[in-house]
Amino acid sequence: MSVDDETSGWQLTESDPGVFSELLKSLGVPLIVDDLYSLDADSLAALQPLRALIFLFKWIPTSSDSTSQRAGTDDPEFAGFFAHQVVNNACATLAVLNALGNIPSLESGPKLSELLRFSADMDPQTRGLVITGSDWLREMHNALSPPSAFSLDGLGLPKKAEEAYHFVVYLPVMGALYELDGLKPHALRHEAFDDSGEGWLKTARQVIEARINTYPVGALEFSLLALREDPLPSLRSQLDRAQAPGQSPAANELLAKISNENAKRERWAFENSLRRHNHVGLVQGLLLALAKGGKLGVAEESAKKAMKERIEQRRARGADMDEDE
Amino acid sequence: MSLVGAQILLAFKAGRAFRREGSNTVIPNPTKGAIYLTNGADDLLHFIWRNRDTGELEEDLILFQFDASFVKVSQSGSGRVYVLKFASSNQRHFFWMQDASSTRDTEFVENLNGLLQDPDFHCHWSTLSSTGGAGPSSRAGASSSTAAGPASTSGFQATPQQLATLQQILMSGGRGAVAQAQAPDLSLTDILTPGNLLPLFTQHPELVPSLFPHLPPDLPVPPSADALQRIIHSPQFRSAVSNFDQALRTGMLGGLVRTLGLPEEAGTGIGPFLRAIQEQADREQDNNTMDTD
């Protein structure tokens, strides 16, 4: 496989909780990532203890967000962990590290601890270079992207749209909400938060909602992910306590939660095995099965028809656009 | 100090790194640079570090055969920090490799050390293609031309990688147009649909087990028709089909399809690929008929 300049060997990965959670597992960190469908207090409370929110959105270079009024102030003196994104495709892993590097007394595997320690005194640019230069980290990251049976590089194919996604981490550092965006020169400091009630999450909700509202409706494609403590160990120990006599309703509820969590892990494992797999053999096998079943010819004809319709539709849309102009 | 009149023996992108005062930590400096090894007009061997932003030659060391060596700093986290050291002194100069890909680091270092030992050493290059490195002088040319990056107006200096990101985003539309120009008359994504496959599995359950060897080996459930259904519906499988379809459309998969046991001709497009599959199916079914006879 050829390695081009922009990616330095970092492959594109999906921005999916299953992918992030697998990466965290490889890093030896007892955290997982879940989808966050809403910022309301109940949704957030259900995911506690929450360590960081990851906001990812389609990066639109033309709608420069420096022109609009943005909350927060640059903090060049930020004493926490902040690394610049210096390589394409590494953005997801970099965002995770920008979060992990700021979690006090984080439990982690030896390689990650060493990397965090080694880069502790570096400036954000150098730190970014060191992170993206770590072969072991790149291998962990690439482990969840499909193997290339064929090199698509240099064939002039359109690149996947996912690489236009941009990652921003929000998390509490030393009493204030911080926004860490590897494409920005500095960490961005938002308000100090009140430790009572929802704490930093209240500030984070306000900041993220305000940010979403600065984009015209429909112009922003985004999703939110929650970096949280793995709930399984705590659920299991709660279950042990609840299985004492007379506690069965509580135990049943815990069992339901545990089985939900396990079902989710099974789904992640299933999808991750598909992500790592080279499907070319299966493609051939399925086509062969269609041919043996005497259905390949028919399928081919209907595929040609579908393509023709699609091209006509595209033409019709193109014609409409011409009239508009 | 000048490169004029000098014969460039070797050049590659590298930045400088400095030891933090009072410690053993070496900090890479982000400034873009390049290392040149030249036979100077004075006929001496020069080790030059050139700032790729300003074009200044900021370091020019005269080296004597066997005295200097360029070795990896094993403690460095990135693995791309090197030190130029001397047998005759305690002098140390630190550098870090700046070629976007680390795959050629070893090659540059081996050639550099070869030249430090023997000025008549002939550099060995495993690949002369992708990064545009035809020879030492043209590599140097390429480095300096890419170094002329525009300064950003925001006061935040974009890295070459960030510029490349932007460029890629801006260009992706254009590249898409190229691939679409070869108007295809059908796509594999319209053939391998659940609508075509699920009835096949019900009508010909005997074909299902032959697909199991093609499923991921680390699937958390045993292979079954159910698992197969899940896979066919999955975005990962659909995107794999679409990638393969795109690659096949380039007509350049002759080498790959041979590994699938198909004639090279099958890699020249979707039509030829499907024809080869049909032939493979006919052949295998003929064999089966003969076996049962």
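Every residue gets a Cβ built from N, Cα and C, even glycine.
TrEMBL lists A:Cys91 with the feature active site, nucleophile. Cβ neighbour count for A:Cys91 (active site, nucleophile) (all protein chains, 10 Å cutoff from its Cβ): 24. Secondary structure at A:Cys91 (active site, nucleophile), taken from DSSP and collapsed to helix, strand or coil, is helix.
Here TrEMBL flags A:His166 as active site, proton donor. In the three-state DSSP assignment, the secondary structure recorded for A:His166 (active site, proton donor) is strand.
Sequence annotations record features per position, and here TrEMBL assigns domain 'UCH catalytic' to A:9-229. Each residue in the domain 'UCH catalytic' (A:9-229) has a pLDDT score, and their mean in this model is 85.
The region 'Disordered' annotation in TrEMBL covers A:301-325.
If you look up TrEMBL, you'll see A:Gln85 marked as site 'Transition state stabilizer'. Sequence-distant contacts of A:Gln85 (site 'Transition state stabilizer'), defined by Cβ-Cβ distance under 8 angstroms and a gap of at least six in the same chain, are A:Cys91, A:Leu94, A:Gly128, A:Gly182, A:Leu183.
What TrEMBL records for A:Asp181 is site 'Important for enzyme activity'. Secondary structure at A:Asp181 (site 'Important for enzyme activity'), as computed by DSSP, is coil. Taking Cβ-Cβ distances under 8 Å and a sequence separation of 6 or more, the neighbours of A:Asp181 (site 'Important for enzyme activity') in its chain are A:His166, A:Phe167, A:Val168, A:Val169, A:Leu188.
A:His166 (active site, proton donor) is surrounded by 19 other CB atoms, counting those within 10 A of its CB over all protein chains shown.
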